[in-house]
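First up is the structure itself, then whatever we jot down about it.
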Amino acid sequence: MSSLSQSPPPPEMDIQPPALVNDDPSTYSSALWDWGDLLDFAADERLLVDQIHFPPVLSPPLPPLIPTQTPAESELDPSPEESGSGSDRVRKRDPRLICSNFIEGMLPCSCPELDQKLEDAELPKKKRVRGGSGVARCQVPDCEADISELKGYHKRHRVCLRCATASFVVLDGENKRYCQQCGKFHLLPDFDEGKRSCRRKLERHNNRRKRKPVDKGGVAAEQQQVLSQNDNSVIDVEDGKDITCSSDQRAEEEPSLIFEDRHITTQGSVPFTRSINADNFVSVTGSGEAQPDEGMNDTKFERSPSNGDNKSAYSTVCPTGRISFKLYDWNPAEFPRRLRHQIFQWLANMPVELEGYIRPGCTILTVFIAMPEIMWAKLSKDPVAYLDEFILKPGKMLFGRGSMTVYLNNMIFRLIKGGTTLKRVDVKLESPKLQFVYPTCFEAGKPIELVVCGQNLLQPKCRFLVSFSGKYLPHNYSVVPAPDQDGKRSCNNKFYKINIVNSDPSLFGPAFVEVENESGLSNFIPLIIGDAAVCSEMKLIEQKFNATLFPEGQEVTACSSLTCCCRDFGERQSTFSGLLLDIAWSVKVPSAERTEQPVNRCQIKRYNRVLNYLIQNNSASILGNVLHNLETLVKKMEPDSLVHCTCDCDVRLLHENMDLASDIHRKHQSPIESKVNPPSSGCCCVSSQKDIPSRILNFNKDPEAGLDCKERIQADCSPDSGGKETDPLLNKEVVMNVNDIGDWPRKSCIKTHSALAFRSRQTMFLIATFAVCFAVCAVLYHPNKVTQLAVAIRMRLVHKI
């Protein structure tokens, strides 16, 4: 210990080291504050620093040092009298010796007092609550509700039910939200919108779900324990099971996450019944399993059956379906913008229409897309091959992203084994199913109230999704009691009423209604949102569809009449949805990305079919919206883009339909002219429908018609010409070359319409010519009389003025 005496003391301390006898610790002074001991420890600290910068100094060996204790465990050395034998006592380091203020010579050290003052200033009210009368109360200052009757979870974290489920509370002067996994209050920026768990916990949760299942529970349990310790998660032990949250937390958590946990981690979820209240679904998650095969009306892409010669019969060229990707590898708050742009760029290659929605949580991308029937047929025939081509092919944007779930209409596929194998999953029988929605047309900018009928809807974690114009509309929903007949229910379906407060009055287009619960995701039913005139005409069109299904003139007047005709309304909904979607897509204002893409034949055919149907039904207001969007779309395109995408006959037919629709819309705006020439009332399509059938009802019935265009249409529509069956579904060249399989006849009532319009114009021209000739003859042969007549008319006009 001689080297210690040579070491200089601190600048402000002039203390000599104590004399040691044979380096025996028992010979140290027994004083409580022995400055020799202090200098000894201070020298140790300086030696540790000196060894880094200077070479070691040769000195006799030092006695072994006692391990350093933490400030919480350190205490002063007791005297020999207090400890009994001096040789048996254990030396502990003074807690002040590790303080930088004390080492620098600032005596006395005031750090403990400052720390205590800071703690008292930070949490004065919490300490007051802890030191109260012993009654367990909520830690929120403005609440302090009695939680003694609640479960152990709420008592441990000192939070009541209202504060735990509130969107935010004021705590320490800031808006905070309770994290049901951490058991603490965090600032609002730490949460995603609508979430009850902080972003860090959700990311940890997703990482746990992505781990491969292990047969032997030892390794998995060890990894789970390490991950839980690193994450400081709150674990409740009840009945020998470890659960990361209480049942109240699971009620507020994301249903899709809990549903997937049931397959991956544990079966210990607690069922519950959720109260029906207002939910904001602007950035809502929720994608469960799909519905049974027989419950998906949007995946039946056969043509709708025609009912005789009724004009309301309609079959769509490009049915609308749903494709959804549930991605587990991306954090909701860190979803790459570039990748999202790539996904939408890929979707923009689809031939007709699309509407995409992204929900956080497990990053769920849902797309409602309209494609030709032949493409849906190929996709339904071999879905695994097409999905493998897009997901598992190197270089694709989803390649190597790990596990994911793909919902393709009424089918479910999961990417397993580290993202290398795509497997189809069976659909649960108790999955929800929507029968119909009434009404299906709503005016933009006004409150929306609709009735939903379906099966297996009221289950735990039930929520409705109403998507429109790229976002989910906030709404409230409630159960509607179905009336009984003779003490027995006439229908097993359940009825719900959905109230949407407001919507954008300037946005028109399709909306989609879905429902999800713990059993999965239902089918979707489309709606249309437009202005008052569009809604009025859509109601008339819907009444014609009702007339085809209810020959005796039954009408829908109230919710009480719906229970006795659930099946009939379901059939009407599936029949009417094709026309409704085609009209809704047509009245939607085209986006900037869509105007940059060339128009293909499927779009031309769809526009021709929609225009033809609306012309026959004299729907002038809808025609005005469709024409405005179609003209805007055509003007922004290249002049030759229409010619390159389809044959001349389709282009000529489109121009004829646009001209005729423009005339009808113009006559509808001028009532006087419409009375002289009533639109569509004199159309020979209606009067002579047996002689000259409509294109709507007879697309493939005249094999000899349209010989000049038939070969080109068949060449484009044949599967071999567009590509092989194994070609990628989302390949741009294949999509653009695939068209409807129907033949377009040359004979139609459009020429009759054109001839009628031409004859009316010729008649007006003859009348005008006769009047001009009569006036010229009168001037030439009777100039005096004409002069007198002109003077008389002039005098009368001057007199009146």
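First residue shown is number 1, and so on along the chain.
Here the Cβ of each residue, glycine as well, is placed from N, Cα and C on the backbone.
As recorded in Swiss-Prot:
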type: BINDING; residues: CYS138, CYS143, CYS160, CYS163; note: Zn(2+) 1 binding site
type: BINDING; residues: CYS179, CYS182, HIS186, CYS198; note: Zn(2+) 2 binding site
type: COMPBIAS; residues: 203-213; note: compositional bias 'Basic residues'
type: COMPBIAS; residues: 222-233; note: compositional bias 'Polar residues'
type: COMPBIAS; residues: 249-258; note: compositional bias 'Basic and acidic residues'
type: COMPBIAS; residues: 304-313; note: compositional bias 'Polar residues'
type: REGION; residues: 1-23; note: region 'Disordered'
type: REGION; residues: 59-91; note: region 'Disordered'
type: REGION; residues: 203-258; note: region 'Disordered'
type: REGION; residues: 286-313; note: region 'Disordered'
type: MOTIF; residues: 195-211; note: motif 'Bipartite nuclear localization signal'
type: ZN_FING; residues: 135-212; note: zinc finger
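Neighbour density for CYS160 (Zn(2+) 1 binding site): within 10 A of its CB lie 21 other CB atoms from the protein chains shown. Non-local contacts of CYS138 (Zn(2+) 1 binding site) by the CB criterion (under 8 A, 6+ apart in sequence, same chain) comprise GLU144, ALA145, ILE147, ARG158, VAL159, CYS160, CYS163. Fewest other C-beta atoms within 10 angstroms, among the binding-site residues CYS163, CYS179, CYS182, CYS198, are seen around CYS182. For the pair CYS198 (Zn(2+) 2 binding site) and CYS143 (Zn(2+) 1 binding site), the C-alpha distance works out to 22 angstrom. Between the C-alpha atoms of CYS182 (Zn(2+) 2 binding site) and CYS143 (Zn(2+) 1 binding site), the distance comes to 21 Å.
Proximity of HIS186 (Zn(2+) 2 binding site) to non-local residues of its own chain (separation of 6 or more, Cβ distance below 8 Å) is seen for LYS176, ARG177, CYS179, CYS198, given in sequence order. Across all of the motif 'Bipartite nuclear localization signal' (195-211), the predicted model scores a mean pLDDT of 77. Secondary structure at CYS163 (Zn(2+) 1 binding site), taken from DSSP and collapsed to helix, strand or coil, is helix.
Each residue in ARG177, TYR178, GLN181, LYS184, PHE185, ASP190, PHE191, SER197, ARG200, LYS201 lies on the same chain as CYS179, CYS182, HIS186, CYS198 and has a C-beta within 8 Å of the C-beta centroid of that Zn(2+) 2 site, without being one of the site residues. Every protein chain considered, the tally of other Cβ atoms within 10 Å of the Cβ of CYS143 (Zn(2+) 1 binding site) stands at 17. Across the motif 'Bipartite nuclear localization signal' (195-211), DSSP helix (H, G, I), strand (E, B) and coil residues number 12 helix, 0 strand, 5 coil. Of the chain residues outside the Zn(2+) 1 site list CYS138, CYS143, CYS160, CYS163, ARG137, GLN139, VAL140, GLU144, ALA145, ILE147, VAL159, LEU161, ARG162, ALA164, VAL169 have their Cβ within 8 Å of the site's Cβ mean position. With helix defined as DSSP H, G or I and strand as E or B, the zinc finger (135-212) counts 26 helix, 15 strand, 37 coil.
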